[in-house]
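Asker: Sharing a structure with you now.
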Amino acid sequence: MRSEAVRRRGAVALFVGPFFVLFAAVIVAPLGYAVYLSLFSEKSSGLGFGGTETVFVGLGNYLDTLKDRAFTDGFLVIVGYCLLYIPLMIGGALGLALLLDSGLARLRRFFQLALFMPHVVPGVIAGLIWLYLYLPGISPIVDLLGGVDFLGGGAVLGSIVNVALWEWIGYNMIIYFAALQAIPAEVLEAARMDGAGRLRTAFSVKLPLIRGAVITTLLFTIIGSLQLFTEPMVFDNSSDGVVSTWTPNMYAYNEAFGNNDYGQAGAASILLALLAAVMSYVVTKWSNRR
Amino acid sequence: MKWMSRATVNLFLVIAALYTLLPLTWLLFASTKTLDDLYGTPGFAFADFSLIDNIRAVSSENGGIFFRWYLNSVLYAGAGAAVSALISVMCGFAFDKYAWFGKEKMFGLVLLGVLVPTTATALPLYLLASKVGVVNTFWAVFVPALVHPFGVYLSRVLSAGYVPNEVLEAARSDGAGEVRAFVRVALPMLLPAFVTIFLFQFTAIWNNFFLPLVMLNDQHLYPLSLGLFTWEKQGNAFPEFHTLVITGSLLSVVPLLIVFMSLQRFWKAGMTAGSVK
């Protein structure tokens, strides 16, 4: 009996070992090391001649990062991005899913596939395709619209929101559609018997029933938005509106590779990871209470 | 009135489908054009058909490095996703079928891992890797992608649903050890979980940009996305790179689209398992 228990313990170690060893190596250790680095700063000794020395600065890097206009401006960009992106994304995907589920849609499999297709395109390539669609001279739409400057300071946020919308709307729509399809027929039948029309059923019966799916996607959309990096990096080269510290992730990247300041880069990464964790915690809590 | 609303519903869906499909259609047209025609002819019309020439240009640029990038992407994403799926399924299976000390605490850790965004770890990974001295290697991009906490969560749920305890007991009483029971009995039943996680991870790795961007200097280790990104950056100075980027993008998207269309059943199952309860 005892040998059996030992044997099972060995099997458990074998099954969960690889995951947890890697988990420690590629998630826990890097985050821990970034926290450690973020507590130190390179100070040039004397008048800037000679080498530099590493000094413990405590939370100094965090304070510097939080005081840095470039970093806080990055968050303002994300706030603006979310204000524009989230209503369009959630509203659009929900609307399309409800249309598809309304019983009036034809070719439902085709529409699901067509709307999902952009999600298969890697983010960099989606960024590149749209960059060309925005680029005067190559773009088939810029001239059509009388030379709109999609990449200028005023419009580039909207242009990037559009790329993200293109990539994700079909994905979220399929999640909502699956949730809608899982609503028991009796519930919808009961609503019909009570005299609810299609619109009424959609808004008063179907929507509340798929609240869970909506909140999950909202959570992932917010966390994804905080990490905004790929699309603006692709646009950075051709757009006046995107600067090298345009989003918090770009700021952290720029600190590490532009300024070679690993302490500051570590602090920015940790702040970002913390914020993402806090936000997901809050959204989960909030959705459990409701 | 009823006919009206049916027309409206489908009209909206058609508009949405045009929105998602037209940019890809444009890519298809654009990749058949010479650089001059790219600037000089309407976006949604054919000009001199030079797709073959463009593909030839992509293949010969910098000694055929594009196909090296292709191979790298296939390796990073294919092998990475396969190993990652196996590790996740094994771990999820153990969470479901065995009891051990501190199990639920460790599962809490897994769930916490689901919430850590991957780009938040990319830079810390670089900082650590440069300390250890493994930046600019194949492994620096390959290994981090093996960890997929959501896959463990999914495997635990699916193991509870697909693998009956009695079947494992039967295997044990036939004299099979724990590992043998897993490989011969449980793993085949968990194949849908394996394929779903594989697809998830395959796309995630194929799409990953931040990690290779920070880790790699050597062009020969680049995945496709990073390679095309560096080509685009040269487009401002050398416009001929625009045709290379466009044709290269098409070549890298088409196989993905084909794979996904043919494996629809699996990714749909995986996507909805996470959000519909």
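Yeah, the Cβs are placed from backbone N, Cα and C, and that goes for glycine too.
Automatic prediction, not curation, is the source of TrEMBL annotations.
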Asker: Using TrEMBL as the reference, determine which range in B:34-56, B:241-263 is annotated transmembrane segment.
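Answerer: In TrEMBL, residues B:241-263 carry the label transmembrane segment.
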Asker: Quick one: sort out which of B:134-154, B:218-238 is the transmembrane segment according to TrEMBL.
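Answerer: That would be B:134-154, the stretch labelled transmembrane segment in TrEMBL.
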Asker: Contact between the transmembrane segment (B:74-95) and the transmembrane segment (B:134-154) is defined here as three or more C-beta pairs under 8 Å separated by at least 6 residues; is that satisfied?
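Answerer: Since 3 or more Cβ pairs under 8 Å link them, the transmembrane segment (B:134-154) and the transmembrane segment (B:74-95) do come into contact.
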Asker: Can you tell me which parts of the same chain pack against the transmembrane segment (B:241-263), counting only residues 6+ beyond its ends and a CB-CB cutoff under 8 A?
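Answerer: Contacts with the transmembrane segment (B:241-263): 24, 27-28, 30-31, 33-35, 38, 51, 54-55, 57-58, 61, 66, 70, 73, 195, 199, 203, 206, 224-225, 227-228, 231-232, 234-235.
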